[in-house]
Amino acid sequence: MVLIRVLANLLILQLSYAQKSSELVIGGDECNINEHRSLVVLFNSSGALCGGTLINQEWVLTAAHCDMPNMQIYLGVHSASVPNDDEQARDPEEKYFCLSSNNDTEWDKDIMLIRLNRSVRNSKHIAPLSLPSSPPSVGSVCRIMGWGAITSPNETYPDVPYCANIKLLRYSLCRVYQRMPAQSRILCAGILQGGKGICKGDSGGPLICNGQFQGIVHGGGKTCAQPYEPGLYIKVFDYTDWIQNIIAGNTTATCPP
């Protein structure tokens, strides 16, 4: 019930405190209740909101810029007004960042690994999503999902998570249209004609390509889902060694350069 009250307040407030670079799903539809079992909600009472991905019973992967004070983590949520009987709440026990990941100039290190204070129980609405076994291919159809705004620039927020299909594009397109630096650890995805994409509130959520967890929502254009403004995603495959080392207890592991 605490989550329901907080999310309802967030929807009423229209996320007035939404963090810089947070993004939403535009042009999508309500996610099937069973297709977002790994999607988690990160929020606090001040109105900050992000998504994340459960990668095993104790760990969540999200964007570094989603870090917030007094973070609460909820799993198994589908409706802000109608709770599931298997929703679970957790607090962050530990947070791990890549070196300089809180520096906005480090585009390719916007990644945060969160250890939960208690293990999560798998259920009908909760299950982890494995790390990718191989990198994605340009042209792949990818699924985005989140609680972000569904209209832009005048933002409205849904009662349920929204999902949409987009395509993985050549990174060179994001360099041109988003004026991004020449980074190899960023994925570029979207619909060049516009109409579908991430928006405020979806930051930290997953990009799932051909069933594999390939990206973490980083950001997009100032107005969401515009033509020639594809979204930017952290390339999860490049960080699998760092993630696995941290989970194994090697907390001094360094990120790829």
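Cβ atoms here come from the backbone N, Cα and C positions, even for glycine.
Note that the structure is a prediction, hence the values are computed from the model and not measured.
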Open item on the list: Just confirming the record: what cysteine out of C163, C174, C224, C255 does Swiss-Prot connect to C199 via a disulfide?
Closed with: C224
Task: Disulfide-linked residue for C174, taking Swiss-Prot as the record, within C142, C188 - done: C188
Open item on the list: Between the Cα atoms of C98 (disulfide bond) and D110 (active site, charge relay system), what distance do you get, rounded to the nearest Å?
Closed with: 8
- [ ] Starting from each candidate's C-beta and looking 10 angstroms out, tell me which of the disulfide-bonded residues C50, C163, C174 has the most other C-beta atoms.
- [x] C50
Task: Conformational class of N44 (N-linked glycosylation site) under the three-state DSSP mapping - done: coil
